Amino acid sequence: MASGWGITGNKGRCYDFWMDFSECMSHCREPKDCSLLREDYLECLHHSKEFQRRNRIYKEEQRKLRAASKKGEEGGDGTHTHH
């Protein structure tokens, strides 16, 4: 990764993020000064925030479907006849 070459022989997808982070680390006084650049680089590598967001969206969609299904079962179709 640090070489900058990706799997296809071109520049790696996260190389620019790595260069920004690396440059910051070489000039900073404390590593925490580069924490945002590190976070960007790691997100590019692992997509963890993206996956967390997708999971939250999926869970919310499932919750809404269950709620709609439950509401449909309780409400019926409105054609109840009483004998």
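Quick reminder: no glycine exception, Cβ is built from N, Cα and C everywhere.
TrEMBL entries are annotated by machine, without manual review.
Owing to the predicted nature of the structure, the values given are computational and were not obtained by experimental measurement.
Record features (TrEMBL):
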DISULFID  Cys14-Cys44  disulfide bond
DISULFID  Cys24-Cys34  disulfide bond
REGION    62-83  region 'Disordered'
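Feature annotations (TrEMBL) mapped to structure.
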{"residue": "Cys14", "record": "disulfide bond", "CB count, 10 Å": "19"}
{"residue": "Cys24", "record": "disulfide bond", "CB count, 10 Å": "16"}
{"residue": "Cys34", "record": "disulfide bond", "CB count, 10 Å": "19"}
{"residue": "Cys44", "record": "disulfide bond", "CB count, 10 Å": "16"}
Distance [Cα-Cα, Å, rounded] between Cys44 (disulfide bond) and Cys24 (disulfide bond):
17
What's the CA-CA gap between Cys14 (disulfide bond) and Cys24 (disulfide bond) in angstrom, rounded?
16
